[in-house]
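Below you'll find the structure, written out as structure tokens, and then a few comments.
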Amino acid sequence: MDSLIKLFFCLFIFLCTSLLFGEINGVEGSNQNHHLYPFRPTKLFVFGDSYADTGNIKKAFSSSWKFPYGITFPGKPAGRFSDGRVATDFLAKFVGIKSPIPYFWKDYAGKKRLQYGMNFAYGGTGVFNTQTPLPNMTTQIDIFQNILTTGDIYYPPELTSSVALVSVAGNDYSNFIALNRPASEFPAFIKQVVDQTEVNLRRIHALGVKKIAVPSLQPLGCLPPFTFVTSFQRCNETQNALVNLHNNLLQQVVAKLNNETKQSTFIILDLYNAFLTVFKNKGSNPGSTRFESPLKPCCVGVSREYNCGSVDEKGVKKYIVCDNPKTAFFWDGLHPTEEGWRSVYSVLRESLTASLIKA
């Protein structure tokens, strides 16, 4: 078990590091989806990692600013870890607002653009510090709190109609292995991550945010590096079993918090089962593109030492992109395509309506 965990997360570390730093710009989300229910969110505040980051890392330090990232939307690299829109954009679209501006770009946005909230997520970061030297979630929330304290942009009464997305996609666990900590300590560390997530959720709520959505950990055993050995046909169930402890503890935390508030303030976005549902159905939904090989990534390096977006010293590209990103669930070794995220949020739509809008 010790060697299995180390193999899994060493690969995960390699992928995170190479994709993030060998690899940000707000999106205008659709202003559709007008729900005639009691709670109508008008702002979205985002915290977390590359599944939610829409442009906070400086261009010189992130491959998300390199071609071919962004080829589907907006047609050029724009700081997202995908070919197009990511989780933040689809949640914003669901609640009927424009995608919130990244914190890094706030000084370049007009007041009207800031009214939809702000994105504090940084790719590669975790609940605790990771190998990525960028603000962890505690610091991201500190930044949010400072903005509220100054009162220049947002005022407390405005937060009563706000939603927060809190993305925890596993970077803490890859960092755990990078530090060569013994696998016997791994279960206790998972509890530390979830306990700190609880602290973070409480802080965000105490600052006045009305509803807080936290995704479950996605099935890490279904990431392309770990399905490669089966020609992208099967997920590694042993690795996915390691994810269940995190998700079970997270469910307990959210249930406790909701019991304390006597409301459905905290919501779990079940990414784990949403991903598996898309894989099982191959993305088959009315009006959507079918994923013939949902576990196979669209953009890959030409050999092991290269990744999506890699170029050599002469600027010659060292990656291959599939003919149509809309037919792929995964964009690179870690991140879904825009179409992948669209399919995930299609699966989540019913539960989101019940827990986020109607509740």
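Backbone N, Cα and C atoms are what each Cβ position is placed from, and that goes for glycine too.
Note that the structure is predicted; figures quoted are calculated from it, not measured.
Other Cβ atoms within 10 Å of the Cβ of SER50 (active site, nucleophile), summed over all protein chains shown, number 29. In three-state terms derived from DSSP, SER50 (active site, nucleophile) belongs to neither a helical nor a strand segment and is classed as coil. The active site, nucleophile annotation in Swiss-Prot covers SER50.
Among the features that Swiss-Prot reports, active site is placed at ASP332 (among others). There are 28 other Cβ atoms within 10 Å of the Cβ belonging to ASP332 (active site).
What Swiss-Prot records for HIS335 (among others) is active site, and it gives similarity to another entry as the kind of evidence. For the recorded site, HIS335 (active site), the DSSP three-state label reads coil.
Per Swiss-Prot, N-linked glycosylation site is recorded for ASN136 (among others), and the stated evidence type is sequence analysis. ASN136 (N-linked glycosylation site) falls outside any helix or strand according to DSSP and counts as coil. If you draw a 10 Å sphere around the CB of ASN136 (N-linked glycosylation site), it holds 22 other CB atoms from the protein chains shown.
If you look up Swiss-Prot, you'll see ASN236 (among others) marked as N-linked glycosylation site. The local packing around ASN236 (N-linked glycosylation site), expressed as other Cβ atoms within 10 Å of its Cβ over all shown chains, amounts to 20.
Feature annotation from Swiss-Prot assigns N-linked glycosylation site to ASN259 (among others). Here the Cβ of ASN259 (N-linked glycosylation site) has 9 other Cβ atoms within 10 Å, regardless of which shown protein chain they belong to.
Annotated signal peptide per Swiss-Prot: 1-22, in sequence order, evidence recorded as sequence analysis.
Within 10 Å of HIS335 (active site), counting C-alpha to C-alpha distances, fall the following of the recorded positions SER50, ASN136, ASN236, ASN259: SER50. Of the recorded residues, SER50 (active site, nucleophile) and ASN136 (N-linked glycosylation site) place their C-alpha atoms 12 Å from one another. Here the candidates are the recorded positions ASN236, ASN259, ASP332. The one whose C-alpha lies nearest to that of ASN136 (N-linked glycosylation site) is ASP332. Between the C-alpha atoms of ASN259 (N-linked glycosylation site) and ASN236 (N-linked glycosylation site), the distance comes to 35 Å.
Cα separation, ASN236 (N-linked glycosylation site) to ASP332 (active site), rounded: 18 Å.
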